[in-house]
Ligand SMILES: NC(=O)c1ccc[n+]([C@@H]2O[C@H](COP(=O)([O-])OP(=O)(O)OC[C@H]3O[C@@H](n4cnc5c(N)ncnc54)[C@H](OP(=O)(O)O)[C@@H]3O)[C@@H](O)[C@H]2O)c1
């Protein structure tokens with residue numbers, strides 16, 4: 001019997017996790033649900049809570065409280081509201097947590113969950129990108145561990161032989177290339193939100209879908225891989241693999257390269273985390289190898305998609321630079337989703353924010369400790385600066401190479 005919490009239960013990963021749990025586990029026998037947490041979707045959270053009967057259901061957005069509490073009336077389930085309540089729910093002792101809140105909003109809940117000693121299935125890559133190894137060490141110190149949900153890291157996790165670490169030449173992360181694969185930089189100036197949201201292979205939340213289109217997702221994953229597997233940037237490569245069947249690879253110095261393959265379905269890595277250390281049987285769609293006529297791999301175009309290059313620079317700069325990269329990206333993705341900026345403004349602004357952070361490292365006190373307050377300060381500083389600058393209106397000059405040059 002395992003006690004389980006799901007943070008971000010109303011999102012793409014959260015819903016897939018609940019579907020898998022419903023299909024494969026018996027409530028009261030295999031598991032009991034401690035907490036379901038979500039952002040603002042009161043209707044879906046209430047529906048999930050009434051069906052799965054967690055001990056507590058928490059909505060972060062206070063403006064939806066009246067609606068949520070009305071829907072939950074008479075259920076007998078403990079309910080709460082606000083970011084602090086989400087964090088408190090994440091801190092409840094459980095055996096297994098799905099951490100699937102999107103963006104920096106996941107930072108405190110993930111940090112809290114990691115401190116409980118639970119096994120944390122981590123989908124919220126942004127928290128790891130910001131916390132670095134501190135998050136992994138925190139989980140281990142509490143007697144738990146972080147398991148990667150991202151399909152690429154989950155693939156590497158499955159074929160990474162810790163005892164052979166010294167003989168690992170490199171990790172190879174694969175990327176679908178997103179909807180704009182093959183386009184030149186100038187072709188990207190006027191792409192629309194709708195085009196960017198049409199991912200060729202994966203069905204995901206809006207933020208990660210835009211990140212996939214700009215390759216920021218692969219950038220975040222590069223940083224995530226370095227921290228998860230304790231590998232230097234120089235030993236992590238990215239290859240575009242449009243079929244999204246080989247989810248990532250580990251190359252060993254004896255000439256063997258081990259890959260994990262599977263259909264592009266997030267339930268595969270989620271089920272791996274759910275079952276770990278055993279494999280977890282479910283009605284997984286088989287991989288039809290004969291139907292795959294070709295598997296192709298190509299180098300990413302970092303000229304057209306600078307977010308990957310910028311992520312590597314952030315990783316190599318270290319300290320809080322990945323926090324700046326993440327914060328600037330989140331602000332700009334939101335602005336793009338709201339139709340306020342163009343697609344190319346995303347990398348231009350992130351690059352400018354990183355350059356500014358480098359020159360103003362005093363503003364972050366040169367404090368390289370990755371504690372939550374320190375991360376939140378760097379995150380807030382970056383967001384405040386973008387707000388002061390009027391986001392892209394100011395930074396777009398960088399796109400045209402007028403206002404900024406690289407140090
Ligand atoms: N989707 C994928 O295939 C995939 C693959 C790999 C990694 N990931 C990662 O997994 C995470 C979730 O992705 P997703 O695609 O599932 O995103 P999503 O569909 O947008 O769902 C995000 C979830 O986070 C919740 N949330 C947002 N703000 C919150 C807040 N302030 N407090 C509490 N909950 C909040 C949302 O609640 P409401 O909907 O109620 O607002 C929703 O449940 C991301 O970090 C993403 O990078 C996703």
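The backbone N, Cα and C atoms fix where each Cβ goes, glycine too.
Caution: TrEMBL annotation is automatic and unverified by curators.
Quick look at what TrEMBL annotates:
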- 10, 11, 12, 13, 39, 40, 41, 124, 126, 205: NADPH binding site (BINDING)
- 125, 151, 152, 176, 199, 212, 217, 218, 221: 1-deoxy-D-xylulose 5-phosphate binding site (BINDING)
- 150, 152, 221: Mn(2+) binding site (BINDING)
- 4-132: domain '1-deoxy-D-xylulose 5-phosphate reductoisomerase N-terminal' (DOMAIN)
- 146-229: domain '1-deoxy-D-xylulose 5-phosphate reductoisomerase C-terminal' (DOMAIN)
- 261-384: domain 'DXP reductoisomerase C-terminal' (DOMAIN)
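On the structure: features taken from TrEMBL.
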residue	record	Cβ neighbours (10 Å)
10	NADPH binding site	23
12	NADPH binding site	19
39	NADPH binding site	19
41	NADPH binding site	18
125	1-deoxy-D-xylulose 5-phosphate binding site	27
150	Mn(2+) binding site	27
152	1-deoxy-D-xylulose 5-phosphate binding site	27
199	1-deoxy-D-xylulose 5-phosphate binding site	18
217	1-deoxy-D-xylulose 5-phosphate binding site	27
221	1-deoxy-D-xylulose 5-phosphate binding site	29
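If you take the Cα of residue 125 (1-deoxy-D-xylulose 5-phosphate binding site) and the Cα of residue 150 (Mn(2+) binding site), they are about 8 angstrom apart, rounded to a whole number.
Using residue 150 (Mn(2+) binding site) as the reference Cα, a 10 A cut-off selects 221 from the binding-site residues 10, 12, 126, 221. When the C-alpha distances from residue 217 (1-deoxy-D-xylulose 5-phosphate binding site) to the binding-site residues 10, 41, 126 are tabulated, the minimum falls on 126. All protein chains included, residue 126 (NADPH binding site) registers 29 other Cβ atoms within 10 Å of its own Cβ. The DSSP breakdown of the domain '1-deoxy-D-xylulose 5-phosphate reductoisomerase C-terminal' (146-229) into helical (H, G, I), extended (E, B) and coil residues amounts to 46 helix, 11 strand, 27 coil. On a Cα basis, residue 39 (NADPH binding site) lies 24 Å away from residue 199 (1-deoxy-D-xylulose 5-phosphate binding site). Ligand 1 lies under 6 Å from the Cβ of the following binding-site residues, listed in sequence order from 12, 41, 125, 221: 12, 41, 125. Averaged over the domain '1-deoxy-D-xylulose 5-phosphate reductoisomerase N-terminal' (4-132), the predicted model has a pLDDT of 97. Summarising the NADPH site geometry, the residues cited as binding it (10, 11, 12, 13, 39, 40, 41, 124, 126, 205) extend over a maximum Cα to Cα distance of 21 Å. Reported as a whole number, the C-alpha separation between residue 221 (1-deoxy-D-xylulose 5-phosphate binding site) and residue 126 (NADPH binding site) equals 9 Å. It is 17 Å from the Cα atom of residue 12 (NADPH binding site) to that of residue 152 (1-deoxy-D-xylulose 5-phosphate binding site).
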